[in-house]
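Visitor: Below are the features I grabbed from TrEMBL:
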TRANSMEM  A:21-44  transmembrane segment
TRANSMEM  A:59-77  transmembrane segment
TRANSMEM  A:84-109  transmembrane segment
TRANSMEM  A:121-139  transmembrane segment
TRANSMEM  A:146-162  transmembrane segment
TRANSMEM  A:168-184  transmembrane segment
TRANSMEM  A:189-207  transmembrane segment
TRANSMEM  A:286-310  transmembrane segment
TRANSMEM  A:322-346  transmembrane segment
TRANSMEM  A:352-370  transmembrane segment
Amino acid sequence: MSYLEYSIKTVPTGWRKILHLNWPLVVLLTAVASVGFLMLYSVAGGSFTPWAEPQMKRYGLGLAAMFFVAMVPIWFWRNIALVAYLLALFLLLLVEFFGAIGMGAQRWIDLGFMRLQPSELMKITLVMFLAAYYDWLPLNKTSRPLWVLLPIIFILLPTFLTLTQPDLGTALLLAVGGGLMMFLAGVHWAYFATVIAAGVAGIWAVFESRGTEWQLLKDYQFRRIDTFLDPSSDPLGSGYHITQAKIAMGSGGWTGRGFMQGTQSRLNFLPEKHTDFIFNTLAEEFGFIGGISLLALYVLVVVFCIFSAIQNKDRFSSLMTLGIGLTFFLFFAVNMSMVMGLAPVVGVPLPLVSYGGSAMLVLMIAFGLVQSAHIHRPR
Amino acid sequence: MRRTPRETAESALRISRRGLILGGTQLAFAGVLALRMRHMQVDQADEFRLLAEENRINIRLIPPARGRIFDRNGLVIAENEPTYRITLVREDADDVDAVIARLSMLVELDEDDLNRAQAEMKRTAPFFPVTVADRVSWEDISRVAVNAPALPGVTPEEGYSRVYPMRDTFAHVVGYVGPVSDRDLSRFEDPPPLLRIPRFQIGKVGVESKFEEELRGNAGAKRVEVNAVGRVMRELDRREGEAGADIQLTVDSGLQEYVKARLGEESASVVVMDLEKGDLLAIASAPSYDPNKFVRGISVADYSELRDNNHRPLASKTVQDAYPPGSTFKMVTALAAMEAGVVGTEDTVWCPGHMEVGSRRFHCWKRSGHGHMNLETALRESCDVYFYDLALKVGIENIAAMGRKLGLGEAHDLEMSAVTAGLMPDKAWKLRERGSAWVIGDSVNASIGQGFVLTSPLQLAVMSARIATGRSVTPRLVKSINGIETPHRGGTSIGLNENHLRQVRRGMYAVTNDRRGTAYRSRIIGEGYRMAGKTGTAQVLNRIVKNDAPWEERDHALFVNYAPYENPTIAVSVVVEHGGGGSTAAAPIGRDVTLQALYGGDPPLDAYPTGLRAEIEAQQERLAREREARIAERNSRA
């Protein structure tokens with residue numbers, strides 16, 4: 001079975017594929033990762049260990065993986081999308097199973113050279129699988145209830161598995177990312193309007209129930225919401241970290257305190273300075289200029305994905321490219337909102353910058369898919 | 001799945017449309033993030049910068065050196081001694097128990113210190129140094145330093161501690177310091193932050209307490225950068241504090257030491273006062289205690305031993321305690337009567353050994369009676385009946401007024417703890433405090449220093465000084481603060497007829513120099529050094545006690561004197577609790593102390609009556625040996 005009815009003869013073959021890579025995207029990704037190396041070097045007090053050096057090695061590995069994935073024709077990836085999704089789901093269950101026999105809230109599987117988080121893998125395979133699903137589904141069936149219910153199940157299965165790990169941040173990203181994939185695929189407006197209305201009503205009900213007999217959340221959960229809305233109400237408890245993060249951010253000013261001069265991170269006032277809150281270190285040391293520059297790089301990555309998707313006439317390719325760009329956006333948007341005090345702290349890393357293996361490798365593989373779609377696009 | 005070109009085009013269009021909508025939304029959200037960043041980093045930057053600085057910078061106090069205390073000749077009474085202690089930072093020690101075990105092989109660790117350290121470790125952060133050994137020697141410290149690699153987390157530290165080199169000699173005068181307690185803090189409305197420094201010491205009693213503020217000095221401060229858990233990362237700048245003021249006392253430590261040795265095992269007190277400015281040359285209460293023990297934290301056993309001792313070593317008897325003055329009060333009655341004009345020097349009274357007042361019979365101490373007595377002979381032989389008669393003539397109001405003029409019933413403003421005012425009773429006092437009227441028998445009792453009258457040894461010395469000079473000599477304990485001399489009072493006349501004073505002085509001279517005087521055995525031979533004095537025996541129980549009575553029931557022995565008689569320079573008071581008679585127990589002490597003060601050391605033996613010289617020589621040798629032993633012991637400790 002051929003992939004597309006129009007010619008794929010014009011698709012480059014062999015080494016010529018390299019010329020057709022989306023090179024600006026490669027440069028952008030490397031630039032973002034380099035910001036990460038610089039910050040990891042800084043938070044370690046001017047040292048390549050323990051964070052900057054492993055991160056650079058991982059990026060090298062990720063880059064290689066990206067090139068490898070890019071060389072493989074996109075139709076191969078489409079064909080294995082279902083298998084990949086099922087495999088990721090299986091791995092998630094496996095983690096669940098191991099967790100059940102007493103390994104605690106374990107989220108990863110040890111592969112020897114790295115620890116793989118199946119929930120990270122799921123972010124990409126879900127996007128891939130939904131793209132393949134809508135590629136397969138006749139257009140006129142897109143908004144029919146049965147065909148809408150089916151992808152919802154595909155989304156909710158891994159979401160619940162992730163939620164029980166528990167990993168609220170990733171679960172939210174999966175749910176929101178999946179929902180937006182459905183939006184991109186053209187599911188009717190009315191469905192989304194209904195969901196949003198239900199969500200607003202639900203939140204309203206939760207707040208209204210407070211203090212009554214049938215209140216929907218436990219007291220401590222309400223207190224956590226209070227703390228998020230007003231961190232100063234619990235300055236030494238859970239509000240402490242977000243307050244310190246905001247101080248780091250705000251005290252940077254226009255140009256920052258200078259490389260390795262951030263007192264908030266150097267003196268450990270800043271929590272998780274090498275992972276979730278690394279953006280605050282950047283903002284403290286390089287100020288508004290530094291922060292806005294990284295934001296611009298991120299936005300450019302997303303913009304390049306959108307352009308690549310729009311140029312691509314293949315439904316699977318463009319849906320998947322948009323989905324991956326969107327996932328990437330959700331990553332940094334949620335992280336930044338969180339560290340700026342606009343969203344509750346849910347533990348989402350800053351893509352390609354935060355220290356961490358799985359997330360980086362999975363993202364690079366995802367951009368490999370974007371590159372493959374770009375190289376193998378119908379012309 | 002295959003698609004028609006139309007379908008493909010429609011699909012691409014739909015995706016492009018929704019992709020652009022979502023892309024636009026994403027861009028809009030990125031704009032919100034950028035605006036938020038701008039708001040925090042540009043508009044609120046100053047605010048957050050301030051918060052960051054508050055996080056980072058901490059001000060730590062540097063305790064100042066406490067002022068030292070010297071005697072009148074510049075000898076050190078209280079100083080600061082470098083002490084070494086060993087601290088442990090748990091965070092740096094891999095295995096706390098193992099490190100302590102290794103440390104205990106090098107240094108003898110105190111069980112109490114270790115228990116305290118264990119308790120402290122539970123309370124404090126892991127990076128906080130906890131003292132595991134206090135007051136270790138320099139040798140121990142060097143041994144620890146040499147073995148440092150085997151002792152991770154262990155640091156030898158130097159600090160200063162108060163030390164009283166003269167030990168028990170000045171305990172009641174100077175007092176001691178100790179760790180700040182909640183009670184100390186409650187004395188302040190707004191306690192100085194310095195007092196909250198761990199291990200900071202504050203004056204607890206005596207001069208250390210009264211001059212706490214001057215001695216403490218002003219704290220220095222250093223600005224340090226701290227991390228999130230409060231550990232100091234580096235020092236940013238430092239301002240040294242101001243050491244406390246040095247205080248010089250009027251006391252002569254040589255004389256004080258002599259007094260201490262001379263009193264020996266007695267429960268007694270001695271005050272020696274210089275007549276020119278009222279300087280207290282010696283003010284000793286025996287037995288005493290070692291204030292160094294309190295600085296280090298006295299053990300329960302040591303403390304209960306001090307507390308339960310019936311000689312009350314913790315009491316500052318010279319100023320805190322008041323005793324019936326007994327016959328030493330007779331000068332007051334005599335002066336009151338003369339000033340009131342009710343008696344002349346040649347008027348005599350017949351002493352048959354007792355006197356009837358109303359229906360009561362008051363006895364003279366000499367049951368067989370003294371016969372005809374005039375003022376001089378009555379003082380010389382301490383005839384009670386003569387003074388009973390004066391009391392009936394002059395009345396209590398005149399006596400009380402004279403007592404006050406001579407410094408009785410007044411708490412002299414001295415820089416020591418709990419200075420008593422004693423009691424100089426009069427009619428109003430009795431009505432107020434006892435609720436009954438003054439009766440004539442009360443006056444009779446008061447005339448010989450019994451009944452309600454109570455005086456402290458300090459007041460007796462002041463009384464003696466005022467009789468000797470006719471001036472309102474007032475005691476002074478602090479000579480100078482930081483080199484600036486403190487004011488003294490007492491230069492003015494107390495307004496007594498010089499002739500009357502001379503009569504009393506002659507009586508006192510006869511007490512010690514007339515063959516029939518009660519203190520004749522304690523006379524001074526040396527020309528120009530002769531003293532005038534007065535003995536007293538104060539009843540503890542309201543009856544005459546036998547010599548073999550239990551110690552607690554025996555009479556207090558008192559003696560006051562001034563010398564030299566011709567040109568007085570010092571006044572002395574001696575109280576020996578339950579010592580028996582004033583002439584036997586107190587007067588010899590008064591004489592010895594007087595000679596020491598006048599000669600500034602051991603006097604030549606020919607200052608003493610011939611018959612006593614052998615005994616005195618032996619005593620001098622014994623005391624000299626004791627003093628040397630004390631000095632040797634002191635030096636071996638240092």
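Heads up, the Cβ atoms here are built off N, Cα and C, so glycines get one too.
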Visitor: The transmembrane segment (A:168-184): which same-chain residues, six or more beyond its ends, come within Cβ distance under 8 Å?
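Guide: Residues 119-120, 122-123, 126-127, 130-131, 134, 148, 151-152, 154-156, 158-160, 162, 191-192, 195, 319, 322-323, 326-327, 330-331, 334, 346-348.
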Visitor: Cβ pairs under 8 Å with the transmembrane segment (A:21-44): which stretch of A:121-139, A:146-162, A:189-207, A:322-346, A:352-370 has the most?
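Guide: So the stretch in question is A:352-370.
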Visitor: Taking A:59-77, A:121-139, A:189-207, A:286-310, A:322-346 as candidates, which has the most Cβ pairs under 8 Å with the transmembrane segment (A:352-370)?
Guide: A:59-77
Visitor: Does the chain bring the transmembrane segment (A:121-139) near the transmembrane segment (A:322-346), so that three or more CB pairs sit under 8 Å (pairs 6 or more apart in sequence)?
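Guide: They do touch: at least three Cβ pairs between the two stretches lie under 8 Å.
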Visitor: Under 8 Å between C-beta atoms and at least six residues away from its ends: which parts of the chain pack against the transmembrane segment (A:322-346)?
Guide: 123-124, 127-128, 130-131, 168-169, 172-173, 176-177, 180-181, 184, 224-225, 228, 231, 241-242, 245-246, 249, 276-277, 279-280, 295, 298, 301-302, 304-306, 309, 354, 363, 366-367, 369-370
